[in-house]
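Going by Swiss-Prot, these are the annotated features:
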TRANSMEM  29-49  transmembrane segment
TRANSMEM  244-264  transmembrane segment
TRANSMEM  303-323  transmembrane segment
TRANSMEM  326-346  transmembrane segment
TRANSMEM  356-376  transmembrane segment
TRANSMEM  393-413  transmembrane segment
TRANSMEM  455-475  transmembrane segment
DOMAIN    516-750  domain 'ABC transporter'
BINDING   Gly553, Ser554, Asn555, Gly556, Ala557, Gly558, Lys559, Ser560  ATP binding site
Amino acid sequence: MSIGETIHREFIHLKLLLKKNFLVSIRSYFSTIIELLSPIVFVLIFYIIYSYGSAVDYSNVSYEQNLPNCIVSVENRCINLMFSPMNSTCTVEIMKILAKNNNMEIYNYPTDTGPLPNLENTIGFHGGIIAMDSLNSTEQFILAHPNVTLAVVDFENFPLNFTINGVKPNDSLIGFNDFYDLSFNVLLNLSTSGGFIEPVDYSIPVTTSIQKAIYDFYAINNQKQIPTINFDSTQFIEYSSVNVVSLFGGLFYYCAIMISFIFLLYKVAFEKEKNLKQGMVMMGLSRSMYWLSWVITSFTIDLIICLLLIAIGAICKLPFFLGTNFLVLLLNFFLFAISSSSMAFFMLTFIGKTKVAIGIGMAFFIVGSGLQLTFNSLGSLIFQIIYQTDSNGAAFVRVILFILPMFHFSKVLTDINDKVQSYPTSQFKISDLNDNLDGSQYGMDYLVPTTGQSLAYMFILVIVYLSLSAIIEYALSGGFSFKTVKHINVPHFDDQDVANATNRSLDPSNKSPFIIRGLSKTFNKFLRPSKSVHALKYLSLDIQEGTVLGLLGSNGAGKSTTIGILTGIHSPTSGDAIIYGHSVVKDIHSVRKITSVVPQDDILWLELTAMEHLHLFAELKGIPVRERDFQIAKVLEQVKLTKVANDQCSTFSGGMKRRLSVAIGCIGDPKIIFMDEPTTGLDPRSKRRIYTLVKEIKKDKVIILTSHDMHEIEILAQNLVILNDGIMVCNGNALQLKTKYGEGYSVQVIAKSLEVIPEIINFVTSSLPYCRFLKQSALQLNFGFPINTDPKIIVNFFKRLESITKDENNNLMRDWSISHSNMDDVFIKVSNKPKLQ
C-alpha cells in the first residue's frame with residue numbers, strides 16, 4: 001500500500017469514528033447534557049455560596065498596649081500604619097510621638113517610599129509608619145496592595161486652642177470642622193488572602209495608640225484642657241466573600257472540569273469491555289485513528305465545557321472571571337481539561353472494565369478535590385513551601401505532584417486569585433504571566449514558577465501522557481515485535497490425519513488459498529517465565545475455497561488465540577499463515593481488506609440504527625459508494641432485518657442483534673469470514689436463516705466457524721479441527737471423526753439420586769463388554785459401547801433396563817435412552833486424547 005493510499009485510508013477511518021462518536025453522543029443525550037451542563041451547575045452552586053459572603057467566624061483577640069507589629073503575608077513587605085495628611089504640622093507632631101512610643105520609624109511619601117502605585121522602596125519593609133500626602137493616595141495604595149497595611153489614620157480636625165510649644169501652628173486642619181474637637185478616621189484591614197488565615201480587627205490597639213499619643217502631646221506641651229476626641233472606624237475594602245472565593249472557588253472550577261474526565265474513562269472503557277474496539281480492529285480499523293478520534297472528541301468536549309464555564313462565571317459577575325484576561329482563563333481551564341483527558345488516555349491503556357474505570361475516576365475526583373481544597377485554602381504559602389530550595393522533602397513532593405495536572409491548575413488559580421481579589425482595582429493581565437514569584441520569608445527561600453511556566457507544565461503533561469499512551473498501545477498490539485517468520489522443528493503427531501494435514505500445509509507447492517504453517521503463541525508472564533502460557537502449539541492446516549471449517553475445542557483450548565492471530569489482534573510467537581497470498585505476519589493490512597469477522601460479542605452501539613452500523617462498516621471495508629446501498633440492502637434482506645433497518649439497536653432483541661452482527665460480517669463480499677458462535681442466543685427459526693445464509697455465501701469463500709453446538713457444526717462444516725490445550729488433536733469431516741472416535745452406541749441413564757450413581761455406573765459397565773462411562777451432567781449419565789457388541793447381550797441389557805424403570809419400587813433410575821454416537825461423544829473423547837509428543 002502506497003503512502004497516499006495509507007493516508008487516505010487513515011483519514012476515512014478517522015472521519016467514520018468521529019461521526020460514530022458524534023451520533024452516539026447525540027443519541028445519548030441525557031448523559032451528554034449532564035456532562036456539558038456540569039460547569040453551569042457547579043458555578044451556580046458556587047455563586048449561591050459566594051452571594052452569602054464569607055463564612056469566617058472571627059474569634060476574640062487580646063491586645064497589648066502598644067501598636068502591634070505587622071506580619072508579612074502576601075507581599076515581601078508589611079506596614080504598621082499609614083497616616084495623612086503629611087502636610088499638616090499638627091498631624092506630624094502627634095504621629096512623631098506615636099512612633100516614639102512604639103519604637104517605629106516614619107517614612108515620607110514619596111521620597112522615602114517611591115511613587116504610587118508600587119511604592120518600590122517599601123519592598124522588604126517589616127514595620128514602620130508611612131506619611132502620605134492625602135487620604136486619596138493612601139486608598140490608592142490599599143486598593144493596589146491589600147493585606148499589607150494594618151490600618152490607616154486620617155486626621156480631619158484640631159481644636160482652635162491647639163498649640164505646639166506654646167505656638168499656634170499655621171495648619172488648615174485647626175478648627176476646620178469644629179472649634180473644640182480633635183477628629184480622625186481609622187481605616188482597618190479586615191480582608192484576608194487565605195481561607196485559613198483569619199483577619200484580625202486591630203481597631204482597639206490602633207485607636208488606643210493614637211489616643212495615648214494625643215494625651216502625651218498635651219502633657220508635653222503643658223496643656224491642661226484635653227479636647228474631646230472623636231474617631232470613625234472603616235474597613236479598607238469590603239471583600240465580603242474573599243474567603244469563599246479563596247477557599248471554594250478553585251474546588252468548584254476543578255469539579256466542573258473533572259466530570260468530563262470521569263465520562264471519558266467510562267465511554268472508552270465501555271467500548272473496550274464490549275470488545276467494540278477489538279471488533280473494529282479485526283475488521284481493518286486503524287488503531288491509531290481509533291485513539292485519535294477519541295482525542296479529538298474529548299478535546300472538543302473539553303473546549304465546550306471550558307467556554308461554558310467562563311461564560312457562566314462572567315454572567316454571574318464573579319471577580320475571578322471579570323478580573324482575569326479571557327485568554328489566560330481559557331488557557332488555564334483548557335490546558336487543565338486536556339491534560340486530565342490525556343492522563344485518562346494513559347490510564348485507559350491498562351483499563352478494560354467500566355467498573356474499574358468509574359472507580360479510578362471517582363478516586364481521582366475525590367482525592368483531587370481534597371488537594372484542591374488544601375491548595376486553595378493555604379494560598380500562595382503552600383506553593384512557597386513546596387518550591388523551597390533547601391528541602392529534600394519539598395523536592396520529593398514536587399516530583400510526585402508534578403505529574404498531576406490538578407497541581408499546576410491550582411497554582412495558576414492561586415496566582416490569579418492573588419491578583420483579582422481586589423478587583424476592579426487589580427486585574428490579571430497577559431503580562432502578569434511572567435511575574436517573578438521567587439522570594440524569601442518565614443526563614444525559607446523559594447523559587448516558585450511563574451504563572452506562564454505552570455501553564456507550560458500542563459501542556460508538557462499533555463504531550464507526555466499522549467506519547468506514553470501511544471507507545472504502550474503500540475507495544476501491547478505487538479508493534480515492537482520484529483516482523484519475521486520464525487519456524488520450529490515439526491513435532492511428531494500420533495494421529496495420522498493430523499500429521500497428514502500438517503505435512504500438506506508445509507508443502508511449498510500447496511496452492512490452497514488459506515494455509516496455516518506452524519502457528520504458535522506463547523503469552524509470557526513479566527518476570528515470571530515459568531508461568532508463561534503456551535496457548536497455541538504448531539497449528540498447521542490448509543483450507544480450500546468454498547469450505548466451512550469447524551474450529552472446536554473446550555474453553556482455553558486455543559480457538560480465540562487462533563482467530564486473534566489470523567485477524568491481527570495477536571502476533572504469533574512462531575509460524576505464519578498465508579491467506580490468498582498475504583502473510584498475517586508481514587502484511588496483515590492486506591489480509592484485513594479481504595477478511596470479515598462475526599465476533600462472539602456483538603460489535604454494536606445501542607444508540608445507532610442497523611442502517612448506520614452497516615454504513616459504518618461498509619465504508620470501513622472500503623466498499624465503493626455506488627455499491628454500498630445495494631450491498632447493505634442485500635445483507636439486511638438475508639438476515640430479515642429490512643423492516644427495522646432504521647430502528648436503534650436498543651430496541652432490538654438479542655436474536656436481532658446477533659443477526660445484525662452476522663450481516664455486518666457478510667457485508668463487502670469478503671474472501672475470509674471468521675464466525676465465532678454466530679447463532680448464540682438465536683431461536684430455531686433464526687438459526688435456520690443463518691444456516692441458509694452460510695450455505696449461500698460459502699461458494700467462493702473460506703469460512704472458519706467456532707461453536708459449542710455440535711449439531712450446528714455437523715450441518716455447516718465440511719471439515720472439523722479440534723484443539724486441545726493449544727494442539728490440533730484431530731482433523732477430518734464429521735463422518736470420519738465419528739467413525740474413528742465414536743463409541744458406536746451411546747446410552748443415557750437418568751438416576752433418581754446422586755447416591756445411587758456409583759451403583760448405576762457399576763451396573764451398566766458390568767452388563768456390557770467394553771462399555772465406558774463417558775460423562776455425568778447432574779443426574780444424567782452417558783455411556784458408550786462398541787457397535788460390534790453381541791446383539792444378544794444388547795437385547796438382554798435393554799430388557800433389564802426396561803424392567804428396572806417400570807418397577808415402582810426401583811430407586812436407581814428414572815429413564816434411559818440409546819442412540820448412535822454423535823459429535824458430542826466424539827468431542828468428549830478427543831478432548832482427552834494424548835497430546836503432542
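Easy rule for this one: first residue shown is 1, then count along the chain.
Any Cβ shown, glycine's included, is placed from N, Cα and C.
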Query raised in the report: Restricting to the same chain and to residues at least six past its boundaries, which positions have a Cβ under 8 Å from a Cβ of the transmembrane segment (244-264)?
Result: 31, 34-35, 38-39, 41-43, 45-46, 49-50, 52-55, 192-195, 294, 298, 301-302, 305-306, 309, 318-320, 333, 336-337, 340-341, 343-344, 358, 361-362, 364-365, 368-369, 372-373, 375-377, 379, 406, 409-410, 413-414, 417, 421
Requested in this report: Starting from each candidate's C-beta and looking 10 angstroms out, tell me which of the binding-site residues Ser554, Asn555, Ser560 has the most other C-beta atoms.
Outcome: Ser560
Report summary line: Sequence-distant contacts of the transmembrane segment (326-346), meaning Cβ under 8 Å and at least 6 residues beyond its ends, amount to 253, 257-258, 260-261, 264-265, 268, 291, 294-295, 298-299, 302-303, 305-307, 309-310, 361, 405-406, 408-409, 412-413, 416, 428-430, 432-433, 451, 455, 458-459, 461-462, 464-466, 468-469, 472
Query raised in the report: the transmembrane segment (303-323) vs the transmembrane segment (29-49): three or more C-beta pairs under 8 Å (separation of 6 or more)?
Result: yes
Requested in this report: Using Cβ-Cβ distances, find the residues under 8 Å from Ala557 (ATP binding site) that belong to the same chain and are at least 6 apart in sequence, listing them in sequence order.
Outcome: Leu723, Asn724, Asp725, Gly726
Query raised in the report: Since the record lists Gly553, Gly556 as binding-site residues, which of them has the fewest other Cβ atoms within 10 Å of its Cβ?
Result: Gly556
Query raised in the report: In the same chain, who gets a Cβ under 8 Å from the transmembrane segment (455-475) while lying at least 6 residues past its ends?
Result: 287-288, 291, 295, 331-332, 335-336, 338-339, 342-343, 345-346, 348-350, 402-403, 405, 408-409, 412, 433, 449
Report summary line: Going by C-beta under 8 A and a gap of 6 or more residues, the same-chain neighbours of Lys559 (ATP binding site) are Leu551, Leu552, Gly553, Asp676, Thr706, Leu723
Requested in this report: Have a look around Gly558 (ATP binding site) and count the other CB atoms within 10 A of its CB, chains all included.
Outcome: 26
Requested in this report: Summarise the model confidence on the domain 'ABC transporter' (516-750) as a single mean pLDDT, whole number.
Outcome: 88
Requested in this report: Compute the centroid of the Cβ atoms of Gly553, Ser554, Asn555, Gly556, Ala557, Gly558, Lys559, Ser560, then list the same-chain residues not in that set whose Cβ lies within 8 Å of it, in sequence order, for the ATP site.
Outcome: Thr561, Leu723
Report summary line: Ser560 (ATP binding site), DSSP three-state class -> helix
Report task. Would you mind pulling the DSSP three-state label for Ser554 (ATP binding site)? Result -> coil
